[in-house]
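Enquirer: After the C-alpha cells below, expect a handful of questions from me.
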Amino acid sequence: MAGSLSDNPRGRQAVEISTVFTGLAFIVVCLRLYTRFFLIRCVGIEDAGIALAMLCSIGLTICIGVQAKNGMGRHTDTINDGDMTTFLRAFWASLIVYYLSLGLTKGSMLLQYRRIFPTKSFQVANWITMAVVISYTIWTVFSSIFMCVPVRAFWTHEKATCLNQFAVWFTNAAINIITDFAIILLPIPVIRKLNLGKRQKIGLISIFAIGGFVCLVSILRLQSLVAISNSADPSYDNPPAATWSSVESNVGIICACLPLLRPLITKWLPRAFPSRHRSIYSHSRPQNRTYGSRGGSKALRTKDDYVLDVTKRSNGSSEEGRDIQVVTDIHVEVDGADGRRISGWRTPASQNNWSDNISGKETQRENSTESLVNQHVRVSSR
C-alpha cells in the first residue's frame, strides 16, 4: 500500500525540489513562447523542441512523485511487493523521459545556432554535433527501454538478459557532459573572429556559455549515479539521483531559453537595456519623423529612440567573418494610416516594411531577423 510523503523525508525532498525547478522551467518556457509568438512573431522548430523537452521534464517530475509515493526514500525491506513494482516501473519510465528531455533541449539549441551562424564551416560542425546528439538520444532512450529483455523484467525481477547498469549509465553521463561542452564551445571560434571590442566579444561569449551551468549540474549528478548503480537498497539510495536528474533537465531548459527573453525584458523594463548609441540615432534621424500617408501624416514614436546598423568587415579573407553585421533591434510603436497602433520589433532589414505599414500599404512581415541576444550576429559568405 502506497505510503504518505509526510513520514518519508527523503522522498518528499526529491519531489519538492523537482517540482520547484520544473515550475521555474515551465514559467521560462511560457515566457519564451510568448516572446516568440506575440512579440517578435518568429517561431521556429527549435521552439517546438523546447516545448516537447518541457513536457518530458514534467513527465520526469510526475515519475519522481509516483516513485516517492510508492517507496522511494524508504528502505527496500519496508516496501511491499506491489509498491516496489510500481516504484520500479516509474523509475524505468523516468529514465526514458529524462533522456528525451536532454536530447530535445540540446537539439533546440543547435537549431537556434543554425539560424544565427549560417557560414558553411560552422554549419558543417553544427550538423555533425547534431548527428552525435541525435544518435546519443536514440541510444539512451532505447538502452533505457530495453535495459532488460523482456522489458517487464526491469520491475518484476523475472529471469532476463539485462545490460550492465553501471556501464550504461556512466557511458551515457560521459557522452552527455561531452556534448554539453561541445554545444557551449561551438560558437566561440566564430565570435572570436568578429571585429568587435574585447568587452563585446566577452559579452557575446558569456551569453552563449550560459549553458555551462548545465555542465556543472551534470558533473554533480555523477556522485549520485555511483550510489544508485551499486546500490543493494535502490529505493533508499535513488532520491539524490532522481533530484539531480530533474534539476539537470530543467536547468538545461532554462539556459536554452534565457538568451531569447531580451525582447520581453525590454518591453517590461525598457530601462534594463539602455543604449550607448542613443546619440548616434538622435543626430542622424529625427525622433518625430513624419511619413506621408493616404490619410495625412502620422508621427513615429519609439520606446527606444535609436537604431544601430553597424557592418563590421574583417581584414582577412577567411570564409568565416568576411561580412559580419552586428544589429541592435528595437521595439517601436507607431500610428498607422488607418489609425491603428502598430507595435513590434524593428530592424534595418524590416525598415521598408515599417514605412509601408505606416503609409497604409499592404506589407508582408519580415521573418528572417532572429531576436536572440542583445546584439545579433549574422555571418554571411558573399
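The backbone N, Cα and C atoms fix where each Cβ goes, and this holds for glycine too.
Below are the features listed in TrEMBL for this protein:
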type: TRANSMEM; residues: 14-35; note: transmembrane segment
type: DOMAIN; residues: 31-266; note: domain 'Rhodopsin'
type: TRANSMEM; residues: 47-67; note: transmembrane segment
type: TRANSMEM; residues: 87-104; note: transmembrane segment
type: TRANSMEM; residues: 124-146; note: transmembrane segment
type: TRANSMEM; residues: 166-190; note: transmembrane segment
type: TRANSMEM; residues: 202-222; note: transmembrane segment
type: REGION; residues: 340-382; note: region 'Disordered'
type: COMPBIAS; residues: 348-361; note: compositional bias 'Polar residues'
type: COMPBIAS; residues: 369-382; note: compositional bias 'Polar residues'
Enquirer: What residues in the same chain, six or more past the boundaries of the transmembrane segment (47-67), come closer than 8 Å to it by Cβ-Cβ distance?
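Expert: For the transmembrane segment (47-67), the sequence-distant neighbours (Cβ-Cβ under 8 Å, at least 6 residues beyond its ends) are 11, 14-15, 18-19, 22, 25-26, 29, 32-33, 36, 86-87, 90-91, 93-94, 97-98, 100-102, 104-105, 107-108, 111, 238, 242-243, 245-246, 249-250, 252-253, 256-257.
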Enquirer: Could you tell me the mean pLDDT over the domain 'Rhodopsin' (31-266), as a whole number?
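Expert: PLDDT averaged over the stretch: 91.
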